[in-house]
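Q: My structure is below; once you've seen it, I'll send some questions.
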Amino acid sequence: MPKNKGKGGKNRRRGKNENEDDKRELIFREDGQEYAQVIKMLGNGRLEAQCFDGEKRLAHIRGKMRKKVWINQGDIVLLSLRDFQDDKADVIVKYTADEARNLKAYGELPENAKINETDTFPEEDGECTFEFGDEGDIDIDEI
């Protein structure tokens with residue numbers, strides 16, 4: 001019987017702590033690309049993003065980033081726009097909070113861009129808020 005020369009299952013990969021994001025070069029947008037902020041994660045590698053050109057787009061996380069780069073609500077991302085579908089895009093890069101602050105300092109992002117805030121677009125998707133005020137004491141016997 002031959003000897004097992006494999007390295008085993010996924011446990012081997014879990015033990016490695018490779019730190020790839022030491023200091024990467026800041027990637028600026030080119031034509032056909034746009035900065036955006038994640039509004040909502042939809043699942044299946046898709047998300048809803050508010051681009052800084054005013055459009056709301058459905059974005060797809062590219063295969064190289066899936067299960068490796070975790071994207072959350074409120075993150076700043078770089079989208080590659082599609083020529084044939086303006087309402088859809090692909091996520092190329094997820095910026096860290098420091099990189100997003102640098103982009104804002106360079107004037108790439110607008111001043112009203114909120115970095116690292118999950119509640120970026122309050123009261124959307126039919127969410128309603130209730131305010132409880134003082135209506136006074138109501139006597140149950142009078143009803």
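The chain as shown is numbered from 1 upward.
In case you wondered, yes, glycine gets a Cβ from its N, Cα and C as well.
Straight out of TrEMBL:
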type	residues	note
COMPBIAS	1-15	compositional bias 'Basic residues'
COMPBIAS	16-26	compositional bias 'Basic and acidic residues'
DOMAIN	22-96	domain 'S1-like'
REGION	1-26	region 'Disordered'
Q: So how many of the residues in the domain 'S1-like' (22-96) end up helix, strand or coil by DSSP?
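A: Residue counts for the domain 'S1-like' (22-96) by secondary structure: 0 helix, 36 strand, 39 coil.
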Q: How many helix, strand and coil residues does the compositional bias 'Basic residues' (1-15) contain under DSSP?
A: 5 helix, 0 strand, 10 coil
